[in-house]
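Right, one structure below, let's go through it.
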């Protein structure tokens, strides 16, 4: 092949980011191709739309598939480069004046066919150089994929911890305000209990804040280690075949050790102490709720709320579900326009439920209409994925860092004060009070259970 034509051919197989032959090439929407590792490293912090460095068009960084044809062509180009290298006078076997085509995996040396059959190498494991190089490169790519998945997981966890740390003090203050407000409704002799519970809450809040900072620092440090190891593997992958084989060493073992002991996000719980006489006070407003059952599809508002929730103060701390759910609703037959009302729901050890009250027009809303979680829906919910079980309240959406109730949960509706309070009946403790509710009476009780 004419050398000029060969150069043009080889030039089409060069990644524009690393300027080496493609390694596991991916082609994005605009038609330009990059090494997958180069693409990952350059656009790691851009989760959805990325701008092509060649044409500036935007594309989605999801479901990238290897361009098999381009990968085969790049492999062929490396073989041509290897053949040119091995054909040079300097690489000829000094003893037999033959081309070195064999790689000895024991002492990592290049041999001609006669040397590989000698007494010294006869019992060693041998491979053709181009086969051995591609095999080693594939091992590196497999390890890089595992490493990158862990790096992405760590990156998500770091975002979780960063968000939690940023909003933790505000969350603690909200809990303190809610408990103070509850004690103001109790007799004066509860003053010492109130003081004790608030002090314990402050102390626990500071401890968790410190632990969040430590967890965040560990994850940031682990992120640097993972990225550094990934870059080292990527650099090794791009080496010429002979250099790759001779420099391979213990890099796979070292990369495996990096994957051990990955830091996990904290699961902070800021439990509040029991409030003496809380249930007795609320039982003065006890009502019996009669429910009307119906089944709803996955487009209903509650599922939209669960899907929209992500970790921390930015509503992003609740597990994301990809499965299609079946949602079972139970509406209260009664409606409320004024006054104070209290009722309880038995939740036991279950999860993926929510209950509360909603503005009456909610029930008549078009199911296909996009739902704003801040609009007329006042719920306590519990959802679970494989990792954690999380409590949240709505209006606005907010994660509640408290232990999950294990028996009965009470709801206290105060139409005049425009508040909805949830209590852990077993613990006689306040879960949370939703303040300044945008009530549009009549209000209707609601219970929902979602099956994934």
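Glycine is no exception: its Cβ is also placed from the backbone N, Cα and C atoms.
Annotated range for zinc finger in Swiss-Prot, selecting from 15-56, 141-182: 15-56. Taking the binding-site residues 93, 115 in turn, the residue surrounded by the fewest other Cβ atoms inside 10 Å of its Cβ turns out to be 93. Remark: residue 121 (Zn(2+) binding site) has 104, 106, 111, 115 as non-local neighbours, by Cβ distance under 8 Å and separation of at least 6 in sequence. Those same-chain residues not listed among 93, 96, 115, 121 yet with C-beta within 8 angstroms of the centroid of the Zn(2+) site C-beta atoms are 95, 98, 100, 111, 112, 113, 114, 116, 118. Using a 10 Å Cβ-Cβ cutoff, residue 96 (Zn(2+) binding site) registers 14 neighbours.
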